[in-house]
Amino acid sequence: MTVELWMRSEVRATERRAPITPADAAALVREGFAVTVEESAQRVHPIEEYAAAGCTVAETGSWVDAPRDAVVVGLKELPDQPAELRHRHVFFGHAYKQQEGAERLLRRFDAGGGVLLDLEYLTDDSGRRLAAFGYWAGYVGAALAVLHHRGELDAPLRPTSVPDLDARLSGGDPMSAIVIGALGRCGRGADRALTAAGVTPTRWDVAETRDLDRPALLRHELMVNTVLTSAPVPPFLRPADLDAPERALRTVCDVTCDVGSPFNVLPIYDSTTSWEQPARTLRDEPPLDLIAIDNLPSLVPLEATEAFSADLLPLLRDLPRATSPWQRCERLFHDTVASVKEASR
Ligand SMILES: NC(=O)c1ccc[n+]([C@@H]2O[C@H](COP(=O)([O-])OP(=O)(O)OC[C@H]3O[C@@H](n4cnc5c(N)ncnc54)[C@H](O)[C@@H]3O)[C@@H](O)[C@H]2O)c1
């Protein structure tokens, strides 16, 4: 049976990324998938490249009328309509941690008989995420931190490319920097940006923070946090640490952006920063600025799309066989919908 994948247009006008590149769409078509791609005003790859890859081109937003069996693939939020969702949807739903609008989204699926296969929960048997944007998030976060630290970051931020950022990073003055969460995806991306800037960072991961040496941390001029924790750990920095006389730290980039979460390792600020205002002053004298942008990979849409699509391609190939990552996703969806309904009884 032919499986139909329907890549929808993203709702947000600033979202230039896509889950599947034209080259990977071509591979899927060669392997017998029917791939439909909606037109999109902002997607980084033009629709002509998808058409040349053998995809059927459809109008923006036409997934609502797609055949019932089509699997609708996207990245970020769905539009508010229709009220009932009939299809299987693959995207980041942000619907399982009681986020704003989560219950309404789950009820739309329940009403239409559709299923959310949430990309965030597509994991291997050990719980590790299989398709993620982390590497380029860490790269952009560290790049912005270096440029800000040098007084070279212009606002508002606009989508750019890795070669452009690499060129802007090269040739500056040396600085001391630390990456925490250095062994992870974002951490390795941060390392790449710092290397492009001629900086060799101190690299900390779980082993180095077990017995946390805050004074050592504060002796770095620049810090990039890329930790992913699922259990509370002592904060790396608390507000009082920012007033320590030995603080050399001037720029913090919190790629993790767990603000408000009980697992937040940087409870030194209470709201994220943005493309319009990427940096916020936390202390005046000596200065300390924060960058905490929660949509970093969208700033390098081409590289982010290519890396994500490479992760997703083997998983899409497995979709017809309902392998264990997909089964886990589907089970989680049904369990969460059941508990939402139970809670409102
Ligand atoms: N700001 C953005 O735009 C953006 C984009 C993508 C991901 N993220 C976030 O970045 C974070 C990292 O994502 P990832 O894909 O790199 O995760 P990952 O699992 O690949 O890496 C996380 C790293 O943190 C380390 N770690 C965990 N606890 C630690 C501790 N107590 N001390 C030191 N190191 C510790 C882990 O060992 C691992 O190496 C996540 O919270 C993710 O949601 C943010």
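In case you wondered, yes, glycine gets a Cβ from its N, Cα and C as well.
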Site-mate of Arg128, Gly184, Arg185, Asp205, Thr209, Ile293, Asp294, Asn295, Leu296 for NAD(+) in TrEMBL, selected among Val146, Val162, Val255: Val255
Candidate with sparsest Cβ neighbourhood (10 Å radius) among Lys76, Arg185, the listed recorded positions: Lys76
List of residues, in chain order, with Cβ under 8 A from that of His94 (active site, proton donor) and at least 6 apart: Glu77, Ala102, Glu120
Listed recorded positions adjacent to ligand 1, that is, members of Lys76, His94, Arg128, Arg185 whose C-beta is under 6 A away: Arg185
Between Arg185 (NAD(+) binding site) and Lys76 (active site, proton acceptor), the C-alpha gap once rounded to whole angstrom: 20
Count of other CB atoms lying within 10 Å of the CB belonging to Arg128 (NAD(+) binding site): 8
Farthest-apart CA atoms of Arg128, Gly184, Arg185, Asp205, Thr209, Val255, Ile293, Asp294, Asn295, Leu296, residues recorded for NAD(+), distance in Å: 26
